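Here TrEMBL flags ASN109, HIS114, GLU119 as oxalate binding site. Per TrEMBL, the feature Mn(2+) binding site maps to HIS112, HIS114, GLU119, HIS160. Sequence annotations record features per position, and here TrEMBL assigns domain 'Cupin type-1' to 78-215. Annotation comment: TrEMBL describes 1-23 as signal peptide.
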Amino acid sequence: MASFISFMLLAALIGMASWQAIAAEPSPLQDFCVADLNSAVRVNGFACKNPTNVSADDFFKAAMLDKPRDMAVNKVGSNITLINVMEIPGLNTLGISIVRVDYAPLGLNPPHTHPRATEIFTVLEGTLYVGFVTSNPDNKLFSKVLNKGDVFVFPKGLIHFQFNLDPHKPAVATSAISSQNPGIITIANAVFRSNPPISDDILANAFQVDKKIIDLLQA
């Protein structure tokens, strides 16, 4: 038993060291670098707040992530609550954020990507159909039906989605994301609602459809 515990501790330490080595963002060079969101200095991330002015509140937010969200805020039936460096300045340089996602019955978190982060996704309530698609040329779909307590990983930068399969009950999930500011690109919005719009000639050629269909989608 003692040898098994020793082995598990060693495995945990190796895992922690590996995570630090392959983290999406550089490891911090001090205990913390609380973001000074009002600083005029432009760096990759945010300039550090003077440590003498840092308090516990810089690492805290009463986010009420235990409370259901309004799922009628958009037509796809989902509501995303992201807690990143803009919400908790103490996350600056720490390479992590958290998100709660609420799904209406048959609600969808549509195909999107996080250009700067990997996501580890956990279902808290309900049943969700999730998946991601690999890059060209294979474009292979990896998908799974998840139930309460199940965990799934969306690799960094790959297009992924979640769909609530239940037509009668809502669902809830949470994710840890490997960036203080992971970014999100919703594919339909980026392609059909860019500002200014992408030429319908280009999109019609790309999708091999009539320009009238592109105009309808852009509208």
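Here the Cβ of each residue, glycine as well, is placed from N, Cα and C on the backbone.
Keep in mind that TrEMBL annotations are predicted by a computer and have not been checked by a curator.
The structure, with features from TrEMBL marked on it.
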{"residue": "ASN109", "record": "oxalate binding site", "Cβ neighbours (10 Å)": "23"}
{"residue": "HIS112", "record": "Mn(2+) binding site", "Cβ neighbours (10 Å)": "19"}
{"residue": "HIS114", "record": "oxalate binding site", "Cβ neighbours (10 Å)": "25"}
{"residue": "GLU119", "record": "oxalate binding site", "Cβ neighbours (10 Å)": "22"}
{"residue": "HIS160", "record": "Mn(2+) binding site", "Cβ neighbours (10 Å)": "22"}
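Each residue in the domain 'Cupin type-1' (78-215) has a pLDDT score, and their mean in this model is 97.
The separation of HIS112 (Mn(2+) binding site) from GLU119 (oxalate binding site), Cα to Cα, is 12 Å. Cα spacing between HIS114 (oxalate binding site) and HIS160 (Mn(2+) binding site): 9 Å, rounded to the nearest whole number.
Neighbours of the oxalate site: apart from ASN109, HIS114, GLU119, residues of the same chain with C-beta atoms within 8 angstroms of the site's C-beta centroid are VAL99, HIS112, THR113, ALA117, PHE121, PHE154, HIS160, SER175, ILE177, PRO182, ILE184. ASN109 (oxalate binding site) and HIS160 (Mn(2+) binding site) have their C-alpha atoms 9 Å apart, to the nearest angstrom. Each residue in THR113, ALA117, PHE132, PHE154, LEU158, ILE159, PRO182, ILE184 lies on the same chain as HIS112, HIS114, GLU119, HIS160 and has a C-beta within 8 Å of the C-beta centroid of that Mn(2+) site, without being one of the site residues. Under DSSP, the residues of the domain 'Cupin type-1' (78-215) split into helix, strand and coil as follows: 22 helix, 57 strand, 59 coil.
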